[in-house]
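Trainee: According to TrEMBL, the protein has these features:
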{"type": "SIGNAL", "residues": "1-21", "note": "signal peptide"}
{"type": "DOMAIN", "residues": "52-177", "note": "domain 'Corticotropin-releasing factor binding protein N-terminal'"}
{"type": "DISULFID", "residues": "Cys60-Cys81", "note": "disulfide bond"}
{"type": "DISULFID", "residues": "Cys104-Cys141", "note": "disulfide bond"}
{"type": "DISULFID", "residues": "Cys183-Cys205", "note": "disulfide bond"}
{"type": "DOMAIN", "residues": "185-306", "note": "domain 'Corticotropin-releasing factor binding protein C-terminal'"}
{"type": "DISULFID", "residues": "Cys237-Cys264", "note": "disulfide bond"}
{"type": "DISULFID", "residues": "Cys277-Cys318", "note": "disulfide bond"}
Amino acid sequence: MPSAFQFQCHLVLIFLAASKGETRYLEVRDAGEDEPFLLLSEDLKRELSAGQIYRRSLRCIDMLSIEGQFTFTADQSQLHCATFLIGEPEELITIEYNFVNIDCQGGDFLKVFDGWILKGEKFPSSLDHPLTTSQRYVDFCESGNIQRSIRSSQNVAMILFRIHQPGNRFTVTVKKNTNLFPCNVISQTPSGRFTMVIPHQHRNCSFSIIYPVVIKISDLILGHLNGLFLKKPSAGCAGVGDFVELLGGAGLDPSKMFPLADLCHSFHGSAQMKIGCDNTVLRMVSSGKHINRVTFEYHQLDLQETELRKENSIEEFCFPSI
């Protein structure tokens with residue numbers, strides 16, 4: 001039985017896939033499917049090809065994966081609303097306030113959160129984000145005209161708002177900016193391929209896949225050679241400055257997930273793992289002394305895919321939860 005977390009995350013991703021075709025895949029198998037405009041409606045194609053700004057209304061709970069101008073107008077009291085924003089792994093998201101008419105003194109609020117937050121769990125986790133949790137919130141009612149443009153630190157962000165009075169509204173413009181070295185990423189799809197590079201930076205980066213998956217690491221370059229360990233209380237890479245770990249769990253926050261395996265050595269080849277958890281995270285820890293790089297691919301785990309392949313493969317985890 002899927003967990004409440006998995007249901008909520010999948011509901012968010014369904015919004016992404018269903019809202020007028022406004023979805024772009026991280027990576028698809030067939031070259032013919034790699035054209036994002038194939039996924040858009042005819043009207044939206046014409047708008048984008050003509051260089052026009054895409055505009056539409058926001059729902060109380062919504063998902064945006066495309067640039068444009070978006071307006072929310074309350075038709076009744078709306079107390080618990082959120083817009084999830086997501087881009088490609090190599091994109092940052094900028095949110096600009098164009099017009100805001102809300103009653104801050106009456107209890108309304110309009111906030112941007114740098115990342116995603118769901119049931120109190122955050123992505124990226126507090127351990128992996130350069131800002132404190134309080135700094136990750138930008139409240140329009142507190143900043144007003146001082147900060148009318150907010151840029152995310154990764155490919156996801158959120159707008160959280162409460163509006164009591166029908167007719168009150170706000171308009172924002174969403175833009176995407178290139179991120180040369182993507183760090184923390186939530187995947188839009190259950191399959192793809194990605195290369196994470198941390199160039200002489202002391203930081204931790206997580207790639208989150210909100211599906212049970214088979215993940216295959218094909219290339220890992222670290223600044224030292226040690227070994228590969230299954231996680232045990234007395235074993236692992238904690239004493240090593242640079243390593244990759246695989247995490248699994250039923251929540252959004254990588255710091256609260258169960259550590260499954262550590263990879264402490266550079267290799268070219270194949271290391272495969274089946275993870276049946278609601279959420280799978282590949283996390284790279286970097287000391288900043290080296291250029292670290294990992295290439296991996298993943299696809300959604302078939303419930304009947306239980307037989308281990310003959311390749312270098314680590315045992316399965318979390319299967320009772322799926």
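Backbone N, Cα and C define each Cβ position, glycine as well.
Help me see these features in their spatial surroundings.
Mentor: Per-residue confidence over the domain 'Corticotropin-releasing factor binding protein N-terminal' (52-177) averages out at a pLDDT of 94.
Sequence-distant neighbours of Cys104 (disulfide bond) (same chain, 6+ apart, CB under 8 A from its CB) are Phe140, Cys141.
Note: Cys205 (disulfide bond) has non-local neighbours Asp128, Pro182, Cys183, Asn184, Met196, Ile198, Arg283, Met284, Ser286, i.e. same-chain residues 6+ apart with C-beta under 8 A of its own C-beta.
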Trainee: Please report how many Å separate the Cα atom of Cys237 (disulfide bond) from that of Cys318 (disulfide bond), as a whole number.
Mentor: 22
Trainee: Given the disulfide-bonded residues Cys277, Cys318, and counting only Cβ atoms in the protein chains shown, which has the most within 10 Å of its Cβ?
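Mentor: Counting every other Cβ within 10 Å of each candidate, the maximum falls on Cys277.
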Trainee: What is the total of other Cβ atoms whose distance to the Cβ of Cys237 (disulfide bond) is within 10 Å?
Mentor: 23
Trainee: Taking the Cβ of Cys183 (disulfide bond) as centre, how many other Cβ atoms lie within 10 Å?
Mentor: 24
